[in-house]
Amino acid sequence: MKAAAYATVTLVTLLAWWLLTATGVTNPLILPPLGDVVAALRQQDPATWAAAMAVTTVRATAGFAAATVLAVPVGVLVGRNATLSHAYEPLLATLTAVPLVVLYPVLAATLGLGTSSKVALGGLYAFFPIAIATIRAVGQTDPVLVTAMRSMGATHGRVIRAVVVPSALPGIVAGLRIGFGLALVTVIAGEFIAGDDGVGYQLAASSQGYQSADLFAWVVLAVVLTIAVNTVFTFLATTLERTLRR
């Protein structure tokens, strides 16, 4: 059902694109003809776009991993304490809405314009949704199960591992999915602002040269990368969740 919906949306989008450009409604510099974009995609060196996608994916994965290592324990700690949850969840939710990309110049000045600043930016954006999702999921743990485990002499750590984490896992996984997507998009943004490689850099280089067809070709490749990475991540997360629930 989802595949059919995605296919329908894609076909409608491509048809609208073709109609807008074929009838001359849009400026070719703003929206190039679909045929020109296809030609630009064919002219792209596979080694070039593969290398750019690999660099961006590695950076996003590194930032996401760092965010996960920090956000999940913080979320469990805060979620298990009502006082901390009431105090910090609204703060984290507020920070999620802040355009943290404005901090990139600070990160670049501190960590340099290379990979480290992009990884840090991606990790920063991924941290908040993961932490918030974990806090909320942990807070919904059935207190009866926790009380039953404690009545049997289970330690606090045992309760966390045997009851809290398995119960909160679906919510945590949902937060991880959002966090990874944000890490990927933010890394691309960092590469666009100041980079010499990666998908974002290729987008910036194409836009500065007014190469509309090449720019949209890289936009298409960026969308394909996002969909592919999200699909792989969703599969791995679902597999992990099923494994841990056995």
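Backbone N, Cα and C define each Cβ position, glycine as well.
Caution: TrEMBL annotation is automatic and unverified by curators.
Here TrEMBL flags 48-79 (among others) as transmembrane segment.
Taken from TrEMBL, the feature domain 'ABC transmembrane type-1' covers 53-237.
Look at TrEMBL and you will find 91-113 (among others) tagged as transmembrane segment. Under 8 Å from some Cβ of the transmembrane segment (91-113) lie the Cβ atoms of residues 120-121, 124-125, 128-129, 131-132, 135, 186, 189-190, 193-196, all in the same chain and six or more residues away from its ends.
Here TrEMBL flags 119-138 (among others) as transmembrane segment. Cβ atoms under 8 Å from those of the transmembrane segment (119-138) belong to residues 59-60, 62-64, 66-68, 70-72, 74-76, 78-80, 85, 88-89, 92-93, 95-96, 100-101, 103-104, 107, 111, 164, 167-172, 174-176, 178-180, 182-187, 189-190 of the same chain, restricted to positions at least 6 beyond its ends.
For 159-189 (among others), the entry in TrEMBL reads transmembrane segment.
What TrEMBL records for 215-237 (among others) is transmembrane segment. Residues 31-32, 37, 40-41, 44, 49, 52-53, 56-57, 60, 173, 176-177, 180-181, 184-185, 188, 199, 202-203, 206-207 of the same chain sit 6 or more residues outside the transmembrane segment (215-237) yet have a Cβ under 8 Å from a Cβ within it.
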Using a Cβ-Cβ cut-off of under 8 Å, list the residues of the same chain that are 6+ residues beyond the ends of the transmembrane segment (159-189) and lie near it.
56-57, 59-61, 63-64, 67-68, 71-72, 75-76, 79-80, 101, 104, 118-119, 121-127, 129-134, 136-138, 140-142, 145-146, 149-150, 198-200, 203, 222, 225-226, 229-230, 233-234, 237-238, 240-241, 244-245
